[in-house]
Every structure is written in structure tokens, then in C-alpha cells.
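The following features are taken from TrEMBL:
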- 294-321: coiled coil (COILED)
- 218-275: domain 'SAM' (DOMAIN)
- 1-27: repeat 'ANK' (REPEAT)
- 28-60: repeat 'ANK' (REPEAT)
- 95-127: repeat 'ANK' (REPEAT)
- 128-160: repeat 'ANK' (REPEAT)
């Protein structure tokens, strides 16, 4: 398990040769392939699959290795698992999200493209009623949204062609197949079906379409009904207190909801998803001019959101740079202060030594005449009458030398103390 997690392919190979189970389960319920996939260890995962690892090994949470790769963005491992026929539509048990939904919500464009090319079902819905496209819109991943919309458009065109084939008339245009059209087939399919009813194909209405329309009308009838549909009716007083009606609520983002007082993540997230769902189910404008204007506004809003995110990242980087410069400045100021203190200390010590040298020079000048000669007196007269002036001079010299030694000792002690203090500061830093 640990070797698979760390990507030690050679160790995994040796352990398998020694009889280790390729589909063993960790205490957390993960298999070796899931551990390798979660860390992006491509070589290890390839070896495990060659040795017979189960590609759809389900852990205790109900997750497969493909779900983990889609969540973490390992595109090469996703390609490997799909080549080994991993289940593209396996759902995790809590919210029933498919790998495509998880990749779309995380913004992994290449993974979404891989899954769609391999045949992942785009219009599957989770327990919240969201599709992969709706989840990408709620998260604001523009590249993924564009990719899914392009795929949706191509599927709708294919659906149109299939409807034409189903409703062709072998006897002149009066017969039609019994294929029912769902709302998942898209607005074009429903429009074609309505046109077919006018020419004699018979009217086919989807019960799911009617039920979704009724729910949509109930949610958009009032602010209280909209909040009640997502279990957030207790926030009605808060919103009304800030003069927020349904029209304003449908324009708010998650950050806006947080600013107005929705601190809990769960209700705030439910409202964001409900707002995104409302926009996906909202009726289209009646004219091409209104549609073009709405599309332009939406594109501008998306560009502004991207620009805002970039500016936020730049502001954070600048703030981090300013904090680093402030720290560096404080360190430099402390170093300069310490250097200035050492300089003043050296100047004071130099002046003390200069004073001592001057005193020594004066003392030597006093002794010099005695050393160089002069009128010597006879030893007898010296013994009988000692020279008190010479004794006083020697005593004075001795006192000066003693004072010089004492000052030098003080200077040495001060230098040692300053060194110990400086070393203590460096150790503490």
C-alpha cells in the first residue's frame, strides 16, 4: 500500500512477486490502484493493471480510481484507466456525481474532453438535479463551460437528425415512430416535435418536461417560494431587511451572499446552485436582438469575473511582497543599529586607549632625564640622604602604570561582555 502511494514501482513489483495481493484493501478501504491513482503515480498504476488490479475497485466510500483521478486532475492516469475500460458513469454514493461531473466542477478541461470522447454521458444529473454543465457554470470554469456547450450543441444536432429519421413517412408523411422526446433532448428536439404535430405526426409531451416546467414556475413565483424550494425560507427576513427581492437575489454570487450575512456554507451553497439552475432553466428572450444582448452581457460579466480573480491574485502577491520587504527592512535596520552601536563602542575604546598612551608618554618623559644621566651623587651621600624627589617620581610612574593596566583590563572585560551579548542575540534569532 505504502509503496503504491509513494510511487515505488520497483518495490511494488518485488512485493507482487513475493505474493502480495494486487487488490488488497487498506484500513481506509483503498486499494493499491486507488492509492497510486490519487498521487498520480502513472508507472505504478500501469504495473498494477498489468498484474490484474481491478480497474473499478470501489473503496468504503464508494469511490473508484477514476473518480479520484477526475477529482485531483490526473489526466494521464485518467487516459490509462479509460483505456482499461473503467466505468465512465460510476456514481459516488452521496451525491451521485459521475466522473464527468467531478471533473467539470473542478475545472479540469482536458479530463472533461477525454471523458466525453470516451463516451461519458453528459446529461446525467446528481441528487441536486445538476448536470456537469450546470456544475461548471456554478464554479465559473469558462473553458469547461464552452467545451460542454459545444458538445451539447453537437448532441442536439444529432438528436435533430434522429428525429427526422424517426418521423419520416414511408407512405407519404402520415406515420411516425413511437419514440417519445424527453426534455434532455434539448429545445430543438422539442421544437421539431411540435412542428411534427402540426403536420400530422401526433402530439407527444414528456411528463418530465411538464413537471420541470411546473417546478420552475413555482420557484420563480416569489422570493419566499424560491427560498422554500431549497430549504432556506428562514433567511427571508434577512433578505427582506436588506431590500433584496427575487430579481436581486438571482444576480448574487457566493461572495455576495456571504457579505449579506449567510455565514453557513450549506445554505449558501444551496442558494448558489439554485440560482445557477434558475438561469439554466430560464426562458430565452423572444427576439434575436435580446438574445445577442444577453449573451454579450454574460460574456462581459464572465470576463470581468476572470479579471477580478486575476487582480485579486496580483493583490495577494503584492501584499506578500510588501510583507517580505517590511521584514527585510526591519532586519536591516536592526543590523545597522547594531553596527552603529559597535562603531560607537570602538570609538570610545580607542579614545580610552589614546588617553592611556598619552599618560604613558608623559610618564616616560618624566623618567627619561633620570635614565639618560645627569649629575650623579656619590653613593655615600645617597645612602645618607635619599632623594625624595626620585622616590616620588617612581611612585607616580608606578601609579600611572597601575592605572593603565586597570583601564586596559576594563576595556578587555567590556569587549568580552559585548561579544557575549552579541552572540546571545544571534543564538536567540
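Backbone N, Cα and C atoms are what each Cβ position is placed from, and that goes for glycine too.
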Provide the three-state DSSP residue tally for the repeat 'ANK' (1-27): helix first, then strand, then coil.
14 helix, 0 strand, 13 coil
Quick test of the contact rule: Cβ under 8 Å, at least six residues beyond the ends. What residues does that give for the repeat 'ANK' (28-60)?
1, 3-9, 12-13, 16, 22, 66, 68-69, 72, 74, 76-77, 80-81, 84-87, 90
Tally of DSSP helical, extended and coil residues in the repeat 'ANK' (128-160):
27 helix, 0 strand, 6 coil
How do the residues of the repeat 'ANK' (95-127) split into helix, strand and coil according to DSSP?
18 helix, 0 strand, 15 coil
Please work out the helix, strand and coil residue numbers for the domain 'SAM' (218-275) from the DSSP assignment.
39 helix, 0 strand, 19 coil
In the repeat 'ANK' (28-60), how many residues does DSSP assign to helix, to strand and to coil?
16 helix, 0 strand, 17 coil
